[in-house]
Amino acid sequence: MAHRVEQDYDYLFKIVLIGDSGVGKTNILSRFTRNEFCLESKSTIGVEFATRTLQVEGKTVKAQIWDTAGQERYRAITSAYYRGAVGALLVYDITKRQTFDNVLRWLRELRDHADSNIVIMMAGNKADLNHLRSVAEEDGQTLAETEGLSFLETSALEATNVEKAFQTVLAEIYHIISKKALAAQEAAAANSAIPGQGTTINVEDTSGAGKRGCCST
């Protein structure tokens, strides 16, 4: 979802949060969108999303961040959840090795359902619990490099690198969108220079933003 619309923002980017249940996706969402953290937050039931508007290279971007439970029983919503996403944060818990071991499965699912150009940031969350660490930062960095992903360790509790993670993803999405728009303009200019040619290339979806849907406890 990368809409260019005549509203109070220039672009609307849909970003999905994925990863096992309990890794801190909901607190990452609330930290980025509301600057809040809840120590007793429960697992998300179904799907919820929140938005935040910010500046990316002089453009006003509305980030629509989607969060869903990681349990297998919610896999039925996979296709709808990923549809239209242009960015993703793949989150694991640095204190739980199994959540890191499951990263490749989540990555495979993401690549199966999302656009091939989706921008992915892998986030090793709960970096504030370094004394309980079971996944070395180097392991996360190595896996990210192997898979061609960006990587940061984050702490929703201490607000460490949460802002940077989203800003990095949003900036990369914007660069991709800008390159596509420029290529389309160049192609249109080339076509207009050919007698008898008048091709219009539309690379922007101007449909309205999706309706808000939220169900959480």
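Heads up, the Cβ atoms here are built off N, Cα and C, so glycines get one too.
Listed in Swiss-Prot:
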BINDING   19-26, 67-71, 125-128, 155-156  GTP binding site
LIPID     Cys214  S-geranylgeranyl cysteine
LIPID     Cys215  S-geranylgeranyl cysteine
REGION    196-217  region 'Disordered'
MOTIF     41-49  motif 'Effector region'
Other CB atoms, at most 10 A from the CB of Thr68 (GTP binding site): 25
Predicted model, mean pLDDT over the motif 'Effector region' (41-49): 67
Three-state secondary structure, which DSSP defines for Lys25 (GTP binding site): helix
Count of other CB atoms lying within 10 Å of the CB belonging to Gly22 (GTP binding site): 17
